[in-house]
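Q: Just dropping this structure here.
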Amino acid sequence: MSSGMDHFSLQPLLLQLLSSRGLALAGLLLLLVLCLRARRSRRPGEPPLIKGWLPYFGQALKLQKDPIGFMKTLQKQHGDTFTLLLGGKYITFIMDPYQYPFVMKNHKLSFKVFSKNIIRKAFSIQKFMTSELNNELRDCYQLLQGKSLDTLMDNMMQNLQEVFEHQLFKTTNWDVTHLLTFCTSAVFEATFTTIYGKFLGADRKKLITELKEDFLKFDNKFTHLISDVPIELLGNTKSIQKKLIKCLTSEKLAKIQGWSEIVQMRQDILEKYYTSKDVEIGAHHLGFLWASVANTIPAMFWAMYYLLRHPEAMAVLRDEIDHLLQSTGQKQGSGFSIHLTREQLDSLVYLESTILEALRLCSFSSIIRYVEEDLTLPSETRDYFLRKGDLIAIFPAVLHQDPEVFEAPEEFRFDRFVENGKKKTTFFKRGKKLKFYLLPFGLGASKCPGRFLAVIEIKQLLIILLTYFDLEIVDDKPIQLDKGRFLLGIQYPDSDVLFRYKVKS
Ligand code: HEM
């Protein structure tokens, strides 16, 4: 749930403008009202101001077309700090990674101001959030760590193995399928079952498939949902949102067995603040469900995609995993039987490096804060003055693509994060060791609380696939990031690709 989403609402808005006349009208009216905001001029001491010729939208079109290339050009022209007009907002971008701690630590920069608006729009949570409710719900994040994480991890492994069980006993012939569709089903089903539990009854498979389909329709409209376009103008988006919320109310959740500790704690808290029949409880659950799968699905896709395109990497990973399974007495049998502890998973450095490398290449998550009071931004070369009411943003995708930090940054190198057989954590810029070099999970107050589970889930899924199946890419077409969700998190591919798999003989 990106704190910054709301402020990039211009991009879906533009899509709407291009695609529908009614929305074009709404957009034009909005434009007239908001272009007044574009009149601002740079004051002494402020960062360079780049407004572009389009009032309100500012530089949005250029940024959407090529986010990293455009930001690098601006950095070359204006230095490491500059202010962009985007969607009626003035956003100061901090490009120097040595200045990131300033954004994290400054108490005049707020993260909460945004999340409220996004949560209201995306999930229809109206009562959000008294500080107490917000704080209590955030306390639940501790249940994504420590012993609770161990339990989640064991359940996840079991659920993932169940997802693939029927395939394992099916056929030993090649099965051709679309990779994104495959990853979506596996991640959605295993994550939902691990976090929310299992539907009861004979039609459980049907229920989870229906939920997944509705979720995908909802997620597909996500950037539109958080835009300035009223939900009523977004076709059936509102009805899908409503349907999903209704699927996750207290009454419906009661029919699901095996809630995780975090869902139980969230439900207990929500029942203190709402009557148990209040549908808004379902809206809170939808928010959490969205956070737990929306980025994990494309992250899983990219990890698998790069492995399929790099058989040499796949061979090293297979070896690493086989070695661990042998040394823990878990030789491949006829059925699923893998059990690995967190320490054992951690010891798979090439597997972890592969996942980090995939995240480096596909993450466009940004870190955005609201400037609550006028302030001075210090830097090595000069200080800049920032205005109250503006936004400040870190867009780490540019750092992830910096050739000074990552040699040949456009290449997938599965062992980029391994050094002397251990996890590599030393990356340099301007001769100094970087504290922050990879930020797919955000930073500071808004850092993803589900990051450990996300990486564990991707590791477990890859272990199952590499251990039990032969895997090959079928489509050799090159695919790109679809930048539709730029600044929002992990990017989807611009098209799906075929791959094939069969049970290892
Ligand atoms: C590869 C997978 C994932 C990625 C890349 C990712 C990334 C992120 C990022 C960047 C944020 C912060 C957004 C901001 O600045 O506002 C975030 C927030 C969040 N994530 Fe994740 N996430 C992933 C998986 C998960 C999983 C598996 C869970 C839950 C089990 C989860 C739960 C959350 C929650 C609850 C928040 C909101 C935190 C808050 O209230 O401040 N995420 N995630």
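Cβ coordinates are placed from backbone N, Cα and C, and glycine is handled just like the others.
According to TrEMBL, the feature transmembrane segment maps to 13-36, 286-308. Summarising the annotation, TrEMBL assigns substrate binding site to Lys121, Asn295. Here TrEMBL flags Cys448 as heme binding site.
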Q: For the C-alpha pair, I'd like the distance in angstrom between Lys121 (substrate binding site) and the residue listed as 'heme binding site', rounded off.
A: 20
Q: Suppose we screen the binding-site residues Lys121, Asn295, Cys448 by Cβ distance to ligand 1 with a cut-off under 6 Å; which survive, in sequence order?
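A: Cβ under 6 Å from ligand 1: Asn295, Cys448.
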Q: Measuring Cα to Cα, how many Å separate Cys448 (heme binding site) from Asn295 (substrate binding site)?
A: 11
Q: By Cβ distance under 8 Å, which residues at least 6 away from the ends of the transmembrane segment (286-308) in the same chain are close to it?
A: 1, 119, 122-123, 125, 179-180, 183-184, 186-188, 191-192, 195-196, 215, 218-219, 222, 241, 244-245, 248, 263, 266, 314, 317, 354-355, 357-359, 361-362, 365, 412, 414, 440, 448, 450, 453-454, 457-458, 461-462, 465, 471-473, 479, 489-493, 497, 499
Q: Output the one of Lys121, Asn295 that, of all these binding-site residues, has the highest number of other Cβ atoms within 10 Å of its Cβ.
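A: Most Cβ neighbours within 10 Å: Asn295.
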Q: Validating a neighbour-count step here. Other CB atoms within 10 A of the CB of Cys448 (heme binding site): how many?
A: 19
